[in-house]
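K.L.:
Quick paste of what TrEMBL says about this protein:
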type	residues	note
BINDING	B:Ser47, B:Leu48, B:Arg49, B:Thr50, B:Trp75, B:Arg115, B:His152, B:Pro153, B:Leu154, B:Gln155, B:Cys277, B:Leu278, B:Arg305	carbamoyl phosphate binding site
BINDING	B:Glu147, B:His181, B:Lys241, B:Arg281	N(2)-succinyl-L-ornithine binding site
DOMAIN	B:3-165	domain 'Aspartate/ornithine carbamoyltransferase carbamoyl-P binding'
DOMAIN	B:189-313	domain 'Aspartate/ornithine carbamoyltransferase Asp/Orn-binding'
Amino acid sequence: MNHFLSIHDVQDLNQLITSGIISKRNPFGDRKLGQDKTIGLLFFNSSLRTRLSTQKAAQNLGLNVLIMNVGQDGWGLEMEESLPGMPVVMDGANAEHVKEAAAVIGQYCDIIGIRSFAKLADQEKDYRELVFEQFKKYAGVPILNLESETRHPLQSLADCITIEEFKVKARPKVVLTWLPHFKALPQAVANSFCEWMNRMDVELVVTHPQGYELAPEFVGNAEVVYDQDKALEGADFVYGKNWSSFTNYGQVLVHDPSWMITEEKMARTDNGKFMHCLPVRRNVKVADEVLDGPRSLVIEQAANREWAAQAALKEILLGMQE
Amino acid sequence: MNHFLSIHDVQDLNQLITSGIISKRNPFGDRKLGQDKTIGLLFFNSSLRTRLSTQKAAQNLGLNVLIMNVGQDGWGLEMEESLPGMPVVMDGANAEHVKEAAAVIGQYCDIIGIRSFAKLADQEKDYRELVFEQFKKYAGVPILNLESETRHPLQSLADCITIEEFKVKARPKVVLTWLPHFKALPQAVANSFCEWMNRMDVELVVTHPQGYELAPEFVGNAEVVYDQDKALEGADFVYGKNWSSFTNYGQVLVHDPSWMITEEKMARTDNGKFMHCLPVRRNVKVADEVLDGPRSLVIEQAANREWAAQAALKEILLGMQE
Amino acid sequence: MNHFLSIHDVQDLNQLITSGIISKRNPFGDRKLGQDKTIGLLFFNSSLRTRLSTQKAAQNLGLNVLIMNVGQDGWGLEMEESLPGMPVVMDGANAEHVKEAAAVIGQYCDIIGIRSFAKLADQEKDYRELVFEQFKKYAGVPILNLESETRHPLQSLADCITIEEFKVKARPKVVLTWLPHFKALPQAVANSFCEWMNRMDVELVVTHPQGYELAPEFVGNAEVVYDQDKALEGADFVYGKNWSSFTNYGQVLVHDPSWMITEEKMARTDNGKFMHCLPVRRNVKVADEVLDGPRSLVIEQAANREWAAQAALKEILLGMQE
């Protein structure tokens, strides 16, 4: 079954990027592919870009779309399973078990998209991605990751498409930089970006304060530099993102405003472009001057979310025909 | 006008079951029936299966679907009407009267589906099903019951289809058993199940602790047995459900874990199948071993919700052509 | 670009009214107009009529519809922009700036409909209609007003269609009367109604207690009468609405029950019809006898919301072809 959960579900990244770019030029070229099929989009968390772009991409492909704000529209879901001799007794707030919910939704939907953020309380719990594991196990249909506890592959694919469109060197230097923020945010976008960049032909550098190291399996072969100024030198793309600590899990260790991206910082790059997945807090993470200036690709990135979703959905739908 | 509110709106149950099974085999065979027509789905309460399956069935029939979480998306609705000399003065929380709301929604929708649970505070109030009465009176279009204060006919029809598909005897023994639960739940599913089973060719037995007697108009000719073990003997289908007391209205009188359905209990049946409308609290109402074993039909039942909804909508749509 | 934000976006009101009436007779006549186009409907506030009628009209025109309850489904939006030397530092509750949100939604949608009520705390802030200004500035696509801080043009157009359908004189007398209410409501519907009536061939009279004067730019040439009984004399249409004070901004100055519309009041009219945008609080603003009697046009008005929306969307879509 063709799930789309991470880079590991992608055989040929270049082909996938090209597929997105083809859809961008001809959005309705594959309208027959989704005909008489239904995608269910389940949101455990807030969403703007993902909600709209995935819905749009699905409609471009002729799919019917069913949307649920889980918990709000339906019932709280129990995700944990009984262990031998230790039954999960459902006498708490959750009225429905994922075993039933996933299997039932799988009866109505040909594809299920899910958004479920990290709760940032328990590293092990978040990193085993229980919600996705359970839906994979019990839904019986392909699962599309609309941002999981540890990854955001549709964002990463949109980022790949954007870099492909705007790169002026064969092998651009791409710098993922941590940005300051007073709230604790998941590592998902940063993790995922590293994973996907490691498959593209780029020079990936990751920069962040001490204590903000990402999990090694995501960083891979990227160079880690603790000096932001040094990291930015000669960069073609600066990808900003805040994340909370992975090692001191979910904590905000520092909130150093000197890590905010400004024009002065961008001047160190090689006429570099600025990228961010949005939403972004202006003048906390990035200065107005950068977001409003010609270096910013944030809107182009967001627009490419539609084509990333369409490319992913095409893969899943083509996989159904095999 | 063809409402679909209870078994009393069904002329030929066998034909309706067959209609559902035909749609299951050929979901898009009646796609023209709903063309250029719109169904509005109004949810006063949470929903997963009903929301998704009704939406899906409507789309299979070519209907446009408009969905509202009433109260959350719109305004609180006043349901009570003025009596002679006693006007209802709307100076409270509800900003809109159902007289207007129903009539207005009836202008935009060809069919209106409504979910409104019993509040369990006032038996007389719940059992007169005011919300449905008012919409019937003022909407001017057919009303589809997505679970009312006292009934859940789309669930019951799905149950009939499931029993029809899985029965191995001409006249199976069907046991509706009360299940333990710490929360007070409505009687709607149990009421409705009795009503529909009384129209099918089955032997219906109802079992529950003293004090959990359902309203006589629903129980009809079913045998009531207070000894669960005895009731289960020789059963072909065990239909589990919790409900709060009808006579001591809305109260939880006992929460006796010995009423939970286990494999040991199921061993008393004649290789009986287990059914439940979902959501179900595992190891409170039913043990994992039953839900995860080959006896369980809960997913099949839920899948049949789509075909029950499609059969009901077909009836309504055909009624419009007369 | 063809926005639809107020009467000022309407070149020929008679033509627009006729367009709505034509759609009412033949709802699917322009189905090709919206094909392969998408409208996004953004709700910052509750909605029943607007939500359903706009969705319906859009579907009649073949448009795809994406709906968002902003804030609830997505992120809180920061609307204020930085001034020279005074950056807006987004360290509060709003996680996303409208600059990004509008531009992003404009990438996915060909038209954006927005509902954003007045907050009634700051007259200057409400009356500059910041949300709409920002979306106009940054979305890059036509904006449809689903009720702004100061106007409700789709309601007003529906009102025009209704008056056109029911008038029995060439130049009817139309009375906008303030109604009593204990809560503070925006002036939007009243403002908008005046603006549109001033463009129709009617005699417009506005009546309200002292202190409830509407902003002069909306009242225009209408006669203002503080004696409701006198104002109602000879009226063909009585348009009821509560609003809070504009001059003592957002305050409830009086809550005088003698301003409630009753049959006795209506007897002063020339067999006048009663209109209200809904929702209406019965026996607070209007007596049952009027709403339930033959004078009431409130349901007809609400039904015409579909055709008003369709006429407005047609204008926008035709504007795209130029």
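Just so you know, glycine gets a Cβ as well, placed from its N, Cα and C.
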K.L.:
For the C-alpha pair, I'd like the distance in angstrom between B:Leu154 (carbamoyl phosphate binding site) and B:Lys241 (N(2)-succinyl-L-ornithine binding site), rounded off.
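P.N.:
About 16 Å separates the two Cα atoms.
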K.L.:
Which whole-number value in Å describes the distance between the Cα atoms of B:Ser47 (carbamoyl phosphate binding site) and B:Arg281 (N(2)-succinyl-L-ornithine binding site)?
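P.N.:
With distance taken Cα to Cα, B:Arg281 (N(2)-succinyl-L-ornithine binding site) is 16 Å from B:Ser47 (carbamoyl phosphate binding site).
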K.L.:
Express in Å, rounded to the nearest integer, the largest CA to CA distance found among the carbamoyl phosphate-binding residues B:Ser47, B:Leu48, B:Arg49, B:Thr50, B:Trp75, B:Arg115, B:His152, B:Pro153, B:Leu154, B:Gln155, B:Cys277, B:Leu278, B:Arg305 named in the record.
P.N.:
30
K.L.:
Counting distance between Cα atoms, which of the binding-site residues B:Glu147, B:Lys241, B:Arg281 is nearest B:Arg305 (carbamoyl phosphate binding site)?
P.N.:
B:Glu147
K.L.:
As a test of the contact definition, list every same-chain residue at least 6 positions from B:Glu147 (N(2)-succinyl-L-ornithine binding site) whose Cβ is closer than 8 Å to its Cβ.
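P.N.:
Result: B:Asn45, B:Ser47, B:Thr50, B:Arg115, B:Ser116, B:Phe117, B:Leu154, B:Gln155, B:Ala188, B:Val189.
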K.L.:
Write out the long-range same-chain contacts of B:Trp75 (carbamoyl phosphate binding site), meaning residues 6 or more apart in sequence whose Cβ is under 8 Å from its Cβ.
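P.N.:
Correct list: B:Asn94, B:Ala95, B:Glu96, B:Ala101.
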K.L.:
Can you count the other CB atoms that lie within 10 A of the CB of B:Arg305 (carbamoyl phosphate binding site)?
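P.N.:
There are 29 of them.
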K.L.:
Summarise the domain 'Aspartate/ornithine carbamoyltransferase Asp/Orn-binding' (B:189-313) as counts of helix, strand and coil residues per DSSP.
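P.N.:
Going through the domain 'Aspartate/ornithine carbamoyltransferase Asp/Orn-binding' (B:189-313) residue by residue, I get 45 helix, 20 strand, 60 coil.
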K.L.:
Roughly how many Å lie between the Cα atoms of B:Lys241 (N(2)-succinyl-L-ornithine binding site) and B:His152 (carbamoyl phosphate binding site), rounded to a whole value?
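P.N.:
Spelling it out, the Cα of B:Lys241 (N(2)-succinyl-L-ornithine binding site) and the Cα of B:His152 (carbamoyl phosphate binding site) are 13 Å apart.
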K.L.:
Enter the number of other CB atoms within 10 angstroms of the CB of B:His181 (N(2)-succinyl-L-ornithine binding site).
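P.N.:
Excluding its own Cβ, the number within 10 Å is 22.
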K.L.:
Averaged over the whole of the domain 'Aspartate/ornithine carbamoyltransferase carbamoyl-P binding' (B:3-165), what is the pLDDT?
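P.N.:
Overall, the domain 'Aspartate/ornithine carbamoyltransferase carbamoyl-P binding' (B:3-165) comes to a mean pLDDT of 96.
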K.L.:
Between the Cα atoms of B:Arg281 (N(2)-succinyl-L-ornithine binding site) and B:Arg49 (carbamoyl phosphate binding site), what distance do you get, rounded to the nearest Å?
P.N.:
16
K.L.:
Mind telling me which of the binding-site residues B:Arg49, B:Lys241 has the densest Cβ neighbourhood, counting other Cβ atoms within 10 Å?
P.N.:
B:Arg49
K.L.:
Across all chains shown, how many C-beta atoms besides its own are within 10 angstroms of the C-beta of B:Arg281 (N(2)-succinyl-L-ornithine binding site)?
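P.N.:
Taking all protein chains shown, B:Arg281 (N(2)-succinyl-L-ornithine binding site) has 24 Cβ neighbours within 10 Å.
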